[in-house]
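Asker: Swiss-Prot lists these features:
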type     : residues : note
REGION   : 428-512  : region 'Disordered'
TRANSMEM : 25-45    : transmembrane segment
TRANSMEM : 55-75    : transmembrane segment
TRANSMEM : 96-116   : transmembrane segment
TRANSMEM : 123-143  : transmembrane segment
TRANSMEM : 148-168  : transmembrane segment
TRANSMEM : 183-203  : transmembrane segment
TRANSMEM : 238-258  : transmembrane segment
TRANSMEM : 263-283  : transmembrane segment
TRANSMEM : 294-314  : transmembrane segment
TRANSMEM : 329-349  : transmembrane segment
TRANSMEM : 359-379  : transmembrane segment
TRANSMEM : 386-406  : transmembrane segment
Amino acid sequence: MPASRLVRQVSAPRNLFGRLVAQGGFYTAGLQLGSGAVVLPVICAHQGLTWAAGLLYPAFCIGAILGNSLSPLILQRAGQLRHLLMAAISATAAALVVCNAAVPWTGVGVAAVFLATTGAGGVVTGVSSVAYTDMISSMLPAVRRGELLLTQGAAGSVLATGVTLVIVPMLAHGNEMARYHDLLWLGAAGLVCSGIAALFVGPMRSVSVTTATRMPLREIYWMGFAIARSQPWFRRYMTTYLLFVPISLGTTFFSLRAAQSNGSLHVLVILSSIGLVVGSMLWRQINRLFGVRGLLLGSALLNAAAALLCMVAESCGQWVHAWAYGTAFLLATVAAQTVVAASISWISVLAPERYRATLICVGSTLAAVEATVLGVALGGIAQKHATIWPVVVVLTLAVIAAVASLRAPTRIGVTADTSPQAATLQAYRPATPNPIHSDERSTPPDHLSVRRGQLRHVWDSRRPAPPLNRPSCRRAARRPAPGKPAAALPQPRHPAVGVREGAPLDAGQRIA
């Protein structure tokens, strides 16, 4: 074993997985209790601000676009101290939830505050998604990353369920709005605990070349799109990820669909927590058996089942009951849980370390742009309770996503070397003309010439090999000693020639 790897393994925390679970569990619980996708839309609907409820998720997506754009620059400054960055992110999210709980919930002013804090929360989430994905990709092997995300979701859901069922009834002694205030305050407390737990995670063992080299934001996106154009696996990944954005919006859609029912908020919060617990156990087994393809296909089918249940319940006049909208919301929650975990498992294995943060940033930005447009559309049509065609739209999008999931890779296998760079796919190996190796050292001009280098390599590989008896080569050749095999010229040779530098030539081959 190399000494560098031995030092890294010795310096890594022994219970790193448990510390990451604790940090992510508190973060998940805090976001559930102060969720801008479930809690704030229901509060706006109860206050009669239906227009604000439909604009909350688009505001979040706009902030996420800005956060994704700023994330490479922030990661460059953070370096290996990602645990401090995650602590700052948790503290900022807690401050935003406190603002939502402290502002008076009267008039149009509360809608403006909710929209502003939701947009700022999108910025925080955009930075957090890229930073956390890159951090766990460096700290954990490929087979543990999806398990970590599902375990964090389960731990956070259990905590949020216990708080909602036990602590909130003990604290709330007023009307329904008093309970909503308590939910937000407890959500802020969970985010503070997440920030404290992040301090014990420790710094990263290594940082990728892309994040260590400071580059302008324009060049970062130019490099990301150049790689996307030249790498078929990333185009396939990005197309599938964009088609699954409506699945991620399922929780917001069905929460707005059930917002008119009295007492629906606590039911939705509890069911979202239960859904994450059930989904954690379900998706972990599916991930081990069927890989990313099974995760995405199961997610699309569950979302389609939720839409079908909603259509049947509304047609029969049963949607106002808790069992109807609660079951549909539970299915949508389980379906949306695995979209992020599947995308992280997909891209963290295939993306080289030097390009990982850039590709995650580009993919998250495109997904946020689509979520902004779809969020406005779905948030508006979800509140049309008198018609059933909005649910038909959701069902159609789920069927399209299910078909697209068949192109995803299956099980992910890891070789004897469990480092992130050694992770490989068993059933899906992309064949590219000029694959990008993770051990290369690049400069900003190389990033800008990825596409040109790919085309030059393909062109040179199809050209016939140059003749070996060129005058320039004959003058530079050395005659071998009698009885010894000839050696190739020490000058670098193109891989298309078929002879490696310094490799012995065949006995019947002429000397150049």
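Note: Cβ is positioned from N, Cα and C throughout, glycine not excepted.
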Asker: For the transmembrane segment (55-75), I need the partner stretch with the highest count of C-beta pairs below 8 angstroms, choosing only from 25-45, 123-143, 148-168, 294-314, 329-349.
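Answerer: By the under-8 Å Cβ criterion, the transmembrane segment (55-75) pairs most with 123-143.
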Asker: Is the transmembrane segment (148-168) in contact with the transmembrane segment (329-349), using three or more Cβ pairs under 8 angstroms as the rule and ignoring pairs under 6 apart in sequence?
Answerer: yes
Asker: Do any residues, 6 or more residues outside the transmembrane segment (386-406), come within under 8 Å Cβ-to-Cβ of it, and if so which ones?
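Answerer: That would be 239-240, 243-244, 246-247, 250, 253, 257, 293, 296-297, 299-301, 303-304, 307-308, 310-311, 314-315, 378.
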Asker: Counting only residues 6+ away from its ends, which parts of the chain sit with a Cβ under 8 Å from the transmembrane segment (183-203)?
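Answerer: For the transmembrane segment (183-203), the far contacts come to 12-13, 16, 19-20, 22-27, 29-35, 39, 80-84, 86-91, 93-95, 97-98, 100-101, 159-160, 163-164, 167-168, 265, 269.
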Asker: For the transmembrane segment (148-168) against the transmembrane segment (25-45), do we get 3 or more Cβ-Cβ pairs below 8 Å once near-sequence pairs (under 6 apart) are dropped?
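Answerer: Counting Cβ pairs under 8 Å (6 or more apart in sequence), the transmembrane segment (148-168) reaches the transmembrane segment (25-45), since there are 3 or more.
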Asker: Which sequence positions outside the transmembrane segment (263-283), separated from its termini by at least 6 residues, show Cβ-Cβ distances below 8 Å to it?
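Answerer: Tertiary neighbours of the transmembrane segment (263-283) are 28, 32-33, 35, 38-39, 42-43, 146, 150-151, 153-154, 156-158, 160-161, 164-165, 168, 176, 179-180, 183, 251, 255, 295, 298, 322, 325-326, 329-331, 333-334, 337-338, 341.
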